[in-house]
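Residues annotated as domain 'EamA 1' in Swiss-Prot: 32-144. Residues annotated as domain 'EamA 2' in Swiss-Prot: 237-346. Sequence annotations record features per position, and here Swiss-Prot assigns transmembrane segment to 27-47, 50-70, 84-104, 113-133, 150-170, 207-227, 241-261, 274-294, 298-318, 321-341.
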Amino acid sequence: MTAPMILTGSGSAAERDARMAHTAMAFVQLFNGGYHVITKVALNVGVNQLVFCVCRDLLALSILAPLAYFRERKIRTPMNKSLLLSFFFLGLAGVFGNQLLFLIGLTYTNPTYAAAIQPSIPVFTFLLAVMMGTERVNLLRIEGQTKVGGTLVCVMGAVFMVVFRGPALLGDKDADFAMNNEISAKGQPEPTGWLVSGFLDLGFEQWHIGVLCLIGNCMCMATFLAIQAPLLKKYPANLSVAALSYFFGTVLMCTTAFFMVKEPLDWKLTQSEVLAVIYAGVIASALNYGLLTWSNKIIGPALVALYNPLQPAASAFLSRIFLGSPIYLGSVVGGFFIILGLYMVTWASFRERKTAVSGIGIAPHGLKTSEPLIFNGTVNRLGQLFSGLPSSSVKSAD
């Protein structure tokens, strides 16, 4: 009889936390839209991508580490090798790979493209959750079929953005080409330039390379969310999770920059680059990752990832105003399919959550945990009571 008691005792608090998490994630995506535009300005000046990432990460770590140490020193669990390995992979995927691939992709595209492909993150997160066993799909029900169909539609939209750009609907296409060519000659660390040259020799265009890197950026972010959610159950200090992830990511970024950045002048930043680093380090890194980790603990990675579609509108609007970036037909069509697939998955998830919550109210001992990652915090705790049991075999055990 404990399930109803848990719901009654903490339901209002869980709902309040969930509302705050949803609001926080909306602001995170708004801040990300501004980050796309501000970073593009820095790339236009010719900042080295690795130098930018190193400065950003060091600034973010200098904020997150003291906050985590003083605020959570009483709730941190003892460290072990398994936790250290998890934090390393979080830093590798969510900080190192995520940031570097995004900047390379943004260099060869524009903020509109960078934001338009972000809605694929929820689908990649869903696929990883299925492979990890934290998300289950029943293909005999309409919800499961819609999830799979929405996943395929979203992936199709992402692929479409890679293979087709089309005419510029708004803005000057030639100006965009000239801007990308100018950027590619400045601020490129040698191995990155060599890698880009290799793709160009294979017949790829610069925008192909850019979109492929942006897809890799989305896959890294999905991996970060999928790994972080179960880790937060074992290590509930969310600020410390963000700080430790940034520690390993910063170590990887600094090590890479040490070997790849050859020119001492690359470490000298202009005023606009310094402002971009401050925004990236304080807002897009420390604040956003802190809010993201806390929200992931409250509402789970699937719902956290579902807020990424807010980025395209904000980024396209801001980049069109401040940068004059063109909007291409490929980004519009591909973005439409990405968002269509996203909301197919969202609708199916909502239906399953509604059914599961209704089942709790009618027969609490028959609770099914088909989607533990997208319940609210209270339902997540209920799901943990039955961890290790298949959902179909959960019975009353008074």
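Each Cβ is built from the backbone N, Cα and C atoms, and glycine gets one as well.
Among residues of the same chain six or more beyond the transmembrane segment (207-227), those with a C-beta under 8 A of the stretch's C-beta atoms are 86, 89-90, 93-94, 97-98, 101-102, 104-109, 113-114, 117-118, 120-122, 124-125, 127-129, 132, 134, 158, 161-162, 165, 180, 196, 199-200, 245, 296, 301, 304-305. For the transmembrane segment (241-261), the list of distant contacts is 48, 50-51, 53-54, 57-58, 60-61, 64-65, 67-69, 87-88, 90-92, 94-96, 99-100, 189-192, 224, 228, 231-232, 235, 267, 285, 289-290, 292-293: same-chain residues at least six beyond its ends, Cβ to Cβ under 8 Å. Note: the stretches the transmembrane segment (150-170) and the transmembrane segment (321-341) are in contact (3+ CB pairs below 8 A, sequence gap of 6 or more). Here the transmembrane segment (113-133) does not touch the transmembrane segment (50-70). Their Cβ atoms form fewer than 3 pairs under 8 Å, with each pair 6 or more residues apart. Looking just at the domain 'EamA 1' (32-144), the mean pLDDT is 84.
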